[in-house]
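Working notes, beginning with the structure itself.
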Amino acid sequence: MDSTRRKFLKIAGLSAVAGIGAPAGLNMLMNKNVQAAGGHGDAAPAAHGGGHGEAPTGKRYGMVIDTVKFHERPGLAEKAIKACHSYHNVPDFGNNKDEIKWLWNERFANAFPDKSHYKKDDDLNSNQFLVLCNHCDNPPCVRACPTKATFKNKDGIVMMDFHRCIGCRFCMAACPYGARSFNWRDPRGEKDGRPFIKETNKLFPTRMRGVVEKCNFCSWRLAQGKEPLCVEACGGTGAMVFGDLNDPHSEVSQVLRTRFTIQRKPTLGTKPSVFYII
Amino acid sequence: MLEKALKGNGTYWAWMFLLLGIMGVGGICYIVQYNYGLGATGMSRDVTWGIYISQFTFLVGVAAGGLMLVLPYYLHHYKDFGRITILGEFMAIAAVIMCLLFIMADLGQPLRALNVVFHPTPNSMLFYDMIVLNGYLFLNVICGWAVLHAEYKGVKYSNWVKPLIYLSIPWAISIHTVTAYLYCGLPGRHFWLTAVLAPRFLASAFAAGPALLLIIALVMKQTTKFDVGRVAQNKLVTIIGYAAIVNFFLLGCEVFVGYYSNIPGHMHTLDYLYFGLADHHTGEVFNNLVPFMRASVVMGLAGIALLFYSRKVQSDAQLAVACVLIFTSFWIDKGLGLVLGGFVPTPLEHITEYYPTAVELGITAGIWATGGFILTILYKVAISVKLENEKTA
């Protein structure tokens, strides 16, 4: 008698915990995921079994990088990188270990490891390809962040709150594009009289040590009606085209409609907002 | 009850002061790291988690391993574990505290740690890890202490403790499952992206945790009057042995999937860990973990064989060696290879190797010493109560 009662209570208790806990947790997870899908907030009905794919409403900023134009113009990529890094007070520690970078060059095999094959043409092997945060529509970093220090704006831009970040670096493990950097040491410091930030730009905050940072698509400039610094640095070359992917009349949409482009690691389902013409 | 920890012989005090000394060194190293930033460690832009997070991962397993003592006793009324169940619960307390310390040591902005509570984020696995780890700590503190205190008073523990003990059983599974989910849900990290990660974590935990406990029990058998008993010892051998075998089976599954599918992403880290991985462009071979990982396999398999043999010949010395081999094997496997290996190669297929710095090792030793310190106090109290009770009985 007693032992059956105990058995019953055991089972009842366990099922109650599972029953109450699991669906609630799952619900939260689902809702959050949809929220994380963000600019894609339109995807909400889809997640609940409704529509098909993305609805073309709401802004979703994106970029096309025409690598051919970059390769025709040596030095242009470096100019874009410099424009970004110097404005955003990205420190230079002079070593790989502490390195911080928002926009940088990679070889094809590193930028597109899943598109690598034996018999590549010479250009692919020798040229460099600009990489940056992909501002994914479904960003794994936002999913991983335990404090919402990294989050997705309504316009699709994945942002960082330097003041909330606890420096756990979970987002860095989660990012499949290596787009994130950590302040391993004080970026405002110096070594042998040489400051890590050559000239501090007072228009953009410097960071403290112990937080993660990355490209923000110059969201603060977009608010002023300007283009991102790297796009501006490319001038009228069309090497970088920026705009609203959901606006069919934007330049970036027109390029995407007429040219063959690729994304980095599309099979991971992150839906990158940066496209490449190779 | 805690006053029992204040009475001890010379060896006891020497041991405690040794641990305090190491904790002090760890504290000084932490001040260095706190003032400089995490750059004082060997971690880099490419290998963003190092020995802190890998120790954390391993110790969650040690904590969960306590389950293998609690479950047989409370759920199956296996009376022979009566003397050691409390040791499992107390080991879990020390291990979880070490886990929390390792996480704090790893944070870039430790003073902001409570942001995880202020801005709860249910889509982050770290949020759940915070809940399950702290929950498990409280469950074990409450259950362990309540049961032992009742024994101290010579009465049976109150009925309200029972549901908490039952809750602690699935909870133990949850801590290691959620810890595995930290890793196996990340796209672009092929080595971690495997559904057997959580089962493998549990298997290695159920071997490593009881192995550590058995080592301590054998040491206590020599240094105190406390003997866990032959029957319990033999039962633990079965548990450790089979859990260790399951772990190696699952490791074998990983190796098969990687190499038979021949998918580069699935092979890269295994190559790096067991054979060395060459850089695409330069051809340079990176292999700083290879000797450790190979030693891990050899020690683990030898440990399993010796474990069962030691039971056959009833040798405590061989049993202790077997347990040390298995514990060390799994410490290397999870406390080094799993976390560090996951970062090689990087998502951009660069290879950066990680070497911990002296400061980092100092902090790590300090945290282990803290765990040892807490564990010694708890065990001192527990066995004093047990021995006293047996004397009066």
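Just so it is clear, glycine is given a Cβ too, placed from its N, Cα and C backbone atoms.
Remember, TrEMBL labels are computer predictions, not curated facts.
Going by TrEMBL, these are the annotated features:
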- B:12-33: transmembrane segment (TRANSMEM)
- B:53-74: transmembrane segment (TRANSMEM)
- B:86-105: transmembrane segment (TRANSMEM)
- B:125-148: transmembrane segment (TRANSMEM)
- B:160-181: transmembrane segment (TRANSMEM)
- B:201-219: transmembrane segment (TRANSMEM)
- B:239-260: transmembrane segment (TRANSMEM)
- B:292-309: transmembrane segment (TRANSMEM)
- B:321-343: transmembrane segment (TRANSMEM)
- B:363-382: transmembrane segment (TRANSMEM)
Top Cβ-contact partner of the transmembrane segment (B:321-343) among B:12-33, B:86-105, B:160-181, B:201-219, B:239-260 (pairs under 8 Å): B:201-219
Top Cβ-contact partner of the transmembrane segment (B:201-219) among B:12-33, B:86-105, B:160-181, B:292-309, B:363-382 (pairs under 8 Å): B:86-105
Same-chain residues at least 6 beyond the ends of the transmembrane segment (B:363-382) whose Cβ lies under 8 Å from its Cβ atoms: 1-2, 4-5, 8, 12, 15-16, 19-20, 22-27, 29-30, 33, 51-52, 55, 59, 86-87, 90-91, 93-95, 97-98, 101-102, 105, 144, 148, 216, 220, 356
Remote residues contacting the transmembrane segment (B:12-33) - C-beta distance under 8 A, at least 6 residues beyond either end: 40-41, 105, 358-360, 362-370, 372-373, 376, 380
